[in-house]
Amino acid sequence: MEMVGLSPEQEKAVRCTSSPVIVAAGAGSGKTRTLTAKIAYLVKECGYSPQRILAITFTNKAADEMKSRLRAMTGLDEEAFPWVRTFHSACFRILKQECHRVGLERPISVRSDSQQTTILKGVLLELNVDKKYLQPAKWLISMAKNSGDPYAFMESKKMSVPGIRGIYDRYNEILRSQNAVDFDDILLLVKEIMQKWPDVRRHYQELFDYILVDEFQDSNRLQNDIMELLVRNGNLTVVGDDYQSIYTFRGAEPRFFLTFPESFPGCSIVKLEQNYRSTSTIVSASNALIAHNRMKMEKRCYSLKEGPPILAKELFDERDEAEWIAHKCREYFSGHGIPWHDMAVLYRTRFCSKAFEEAFRKLRIPYRIVGARGFYESKEIQDINAYLVSAVNPRDDLAFERIINVPRRGVGAGTLKKINSFRSPGTSLQDACWLALQSGTITGKAAAELTQLKEHLSVIAGLSPKEAISFVMDKVGYESYLQEYARDREDFINRLENVELLTYVASKSSGIEEFLEECALIREEQDEDQDGKEGVKLMTFHAAKGLEFRIVFVAGVEEGLIPHWRSLFDEDSLQENIKGVEEERRLMYVAMTRAIERLHITWALSRQGRFCKPSRFLWEIPEEFIILERIEQKGRGCYDHHHARR
């Protein structure tokens, strides 16, 4: 097999099969190509059966892409590689074969996220635990399982949920009674089977002649344990980049990557250091940034492509920042012929997207939000706006239908049928509801709750937009509802940030009708332009991982955003969270290394009315790689530009 197109280091990684191999692959270094070439080499040159090669990918999409490439490289159908899978997919295949050992039988049900929430709600109620602990309990159970030793995890950590061990036991008891598992159980039970039944472990060790793991820097303890249980005779290659380990909130631990040489003495270490994506300026600046991290496997990444300096720009506030970036995108499109889809705006948290959506709409620039719905499409924004619409326009049936049982008021299909019986031409759903209440047709909890809803809508109608949103969150109880609805703690925080941003936008409108009109126009135009069109990509740093764009804007590079304020201090010791800051620096590294040709870094002096200062990460980039433009305020939109480090 000819190693066409592979560098000497890539070829070394491919040909090394006599010992465990760790491939430390820098950003843009061709790691996927290298990993796929190694599988093809094992099949075509070493005589390995493709059915006996286990190749673990991070996502199902990556697995499909790898099988497609293998088909082109080996001439074999994709079905010839049945073990090119994610960790969960591979382990579920094993679990189905061995499930009787852990009290399960086929077919096994895998509980969805919402089903897990339903079960946990029942458990908390049964054990008399406050429902406010729902999301924390759900997160702790997941983290405990992913630790590989749940009870040890719960004993070693300061638990924020009372009686978490009892909750954990009862939750699992219910799952087993339903012949079901959750997503984390798939791995945990396979580990248990491998440890308790040595014959099963030997069977799968002998089944796999070679094991490869992609994105190894994002493995958690449980995944690492399973990998070590399956490996025999050094038949292992792992590939990853500890500089891009950004998923510790999911339990990932970059230390498994860093300590691989200790776990597998005598292993071969191959470093892919040439970046084929970005310019030398971008690579050198990123190297300088990540050099401030203590925990890392040293790499000297480089690029042979020349390019312009990074432009770092200070703006007055988030609106100016968004408008400046929008104008730059227009300039690249009109003046340089760069397609919209080759440009991306990256930000740390989703709430930053709102300003960019408005700026891009203003200039009629097509855009697409990647990894999340648009701001006005998110559930929490639609729900809150529906309350305001119902308060000022009782004829809007869609708005009232949306909120009538959100939060839950005991309004089911039966109650809705009673309400609809009072409808006639010209009578809205809301009016019919009040008529049904007045007649005494609706009774019990639903009657009391709907009477209160009527009172709430009357109050909201007399408030300012900002006050109305606060009323919905507090008095109506939407914040508590949102906490129960959210997938996990991070999802809940993201949704609260969306509400905070909506409140900020609402504060600029004098009345509810004016505010709602603005929201409706923006959303309608967005829907029209988004239909079937590609545009500038708006996404979080996390969503950008693995992607690349000719032009990249890294926005909101401010203390408190990147590094995020939640990462700065350890909650228990109140000391600086060094690990947290290092992960945030890796996140900044990921954002910077998405750029192929041009990289821009921006920050605002004021965001949502609060003073901001540039991120510490900006000052970690040497002057030689950056053009820094700061401003002296002379009134909004009037600045003196000057170049200075601080």
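Please read every residue number as a count from 1 along the shown chain.
Keep in mind that glycine also has a Cβ here, set from the backbone N, Cα and C atoms.
Each residue in the domain 'UvrD-like helicase ATP-binding' (4-279) has a pLDDT score, and their mean in this model is 91. Summarising the annotation, TrEMBL assigns domain 'UvrD-like helicase ATP-binding' to 4-279.
For A25, G26, A27, G28, S29, G30, K31, T32, the entry in TrEMBL reads ATP binding site. Taking a C-beta cut-off of under 8 angstroms and a sequence separation of 6 or more, T32 (ATP binding site) has the following same-chain neighbours: A62, E65, M66, R69, D214.
Per TrEMBL, domain 'UvrD-like helicase C-terminal' is recorded for 280-546.
Within the same chain, residues at least six positions away from A25 (ATP binding site) with a Cβ under 8 Å of its Cβ are K31, T34, V239, G240, D241, K271, L272.
For the recorded ATP site, residues A25, G26, A27, G28, S29, G30, K31, T32 set the reference point as the centre of their Cβ atoms, and the other residues of that chain within 8 Å of it by Cβ are T34, D241, L272, N275, Y276, R277. Of all Cβ atoms in the shown protein chains, 27 besides its own fall within 10 Å of the Cβ of A27 (ATP binding site). With respect to Cβ neighbours within 10 Å, the binding-site residues G26, G30 differ, and G30 shows the lowest count.
Following the DSSP three-state reduction, the secondary structure of A25 (ATP binding site) is strand.
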